[in-house]
């Protein structure tokens, strides 16, 4: 398999999909038969000490197929799409320099988009404006601020849930700083990706099956010690619910349980529901994605063969 395309650009492979869709298993198999190196594209897997609730590949899987961009920051640190793009481009260049092909696998669609299309220059955070937004939220509630965003930027308001204060605050902040909406600014893409990319999306054909998998996996996480993992983070004392790490699906629900805000059963219910909602958002992103080849996760042999056929590799 040639690692340079007919266009003269180096090849890269994107393997995208919702949570619990079998991405990791397929990526590991491809790693065993193709000259590829794996790069994780997941905003939760970057955090150290967050292994069970993120379904991070285990030691055995990583010994078969090492992943770059896993365990690179502490949960107290921030990691943006711009940080990811910088780190992924560096990793891709190193992989190509070694004569291999980058295989990027994960479910953080914003990261894939940032890598593929580049990032528009958004204004830096302004603590004064951020504080004013927080003050208004305390007085009027986040629902009122969501209605305000609907007037300013209806496209962003449709995408951002009223219960997501972090993204809601940022959308308003960008407008108050720049006078331009988040939608306007993000339509101006930055530098495109200098690779010929083969894009794949893997998911079960049935939504019910995906929901069933999500529920099973959440219970497996609990049986594997997820509560103890989050309890250790909770006990640190320097983490709080405004941080992206604590807001990860599953973690924020367990955090609420440990804080005494909800019962154990409610935590399980909310955790499963939140994971299903995440999967729905991921699939919605992918349905609007251009140039993607769909793979059925319930037919792993066929999915594997389809990837090889599209990228022009011989069946192993």
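For all residues, glycine too, the Cβ spot is worked out from N, Cα and C.
Here Swiss-Prot flags 17, 18, 19, 20, 21, 22, 23, 24 as ATP binding site, drawing on sequence analysis. The Cβ neighbour count for residue 17 (ATP binding site), using a 10 Å radius over every protein chain in view, is 27.
Residue 20 (ATP binding site) carries neither a helix nor a strand DSSP state and counts as coil. Among the features that Swiss-Prot reports, substrate binding site is placed at 19, 20, 21, 22, 23, 24.
Per Swiss-Prot, region 'Interaction with substrate tRNA' is recorded for 42-45 (among others). A mean pLDDT of 98 is what the model gives for the region 'Interaction with substrate tRNA' (42-45).
The secondary structure of residue 108 (site 'Interaction with substrate tRNA'), as reduced to three states from DSSP, is coil rather than helix or strand. Non-local neighbourhood of residue 108 (site 'Interaction with substrate tRNA'): 41, 42, 43, 44, 84, each in the same chain, at least six residues away, with C-beta under 8 Å from its C-beta. Residues annotated as site 'Interaction with substrate tRNA' in Swiss-Prot, with sequence analysis given as evidence: 108 (among others).
Taking the Cβ of residue 130 (site 'Interaction with substrate tRNA') as reference, residues of its chain lying under 8 Å away and at least six apart in sequence are, in sequence order, 169, 173. Feature annotation from Swiss-Prot assigns site 'Interaction with substrate tRNA' to 130 (among others).
Per Swiss-Prot, region 'Interaction with substrate tRNA' is recorded for 166-170 (among others). In terms of DSSP secondary structure, the region 'Interaction with substrate tRNA' (166-170) contains 5 helix, 0 strand, 0 coil.
According to Swiss-Prot, the feature region 'Interaction with substrate tRNA' maps to 247-252 (among others). Sequence-distant contacts of the region 'Interaction with substrate tRNA' (247-252) (same chain, six or more residues past either end, CB-CB distance under 8 Å): 19, 43-44, 47, 50, 53-54, 166, 218, 221, 226, 230, 233, 241, 271, 274-275, 278.
The feature region 'Interaction with substrate tRNA' is assigned by Swiss-Prot to 280-287 (among others), with sequence analysis given as support.
Proximity of distant same-chain residues to the region 'Interaction with substrate tRNA' (42-45), defined by a Cβ-Cβ separation under 8 Å and at least 6 residues beyond the stretch ends, is recorded for 53-54, 56, 67, 69-71, 79, 84, 106-108, 110-111, 244-245, 248-249. Residue density at residue 24 (ATP binding site): 21 other Cβ atoms are found within 10 A of its Cβ, drawing on all protein chains shown. The sparsest Cβ neighbourhood within 10 Å, among the listed binding-site residues (18, 22), is found at 22. Summary of the substrate site environment: with the site residues 19, 20, 21, 22, 23, 24 set aside, the chain residues having Cβ atoms within 8 Å of the Cβ mean position are 17, 18, 25, 55, 107, 202, 297.
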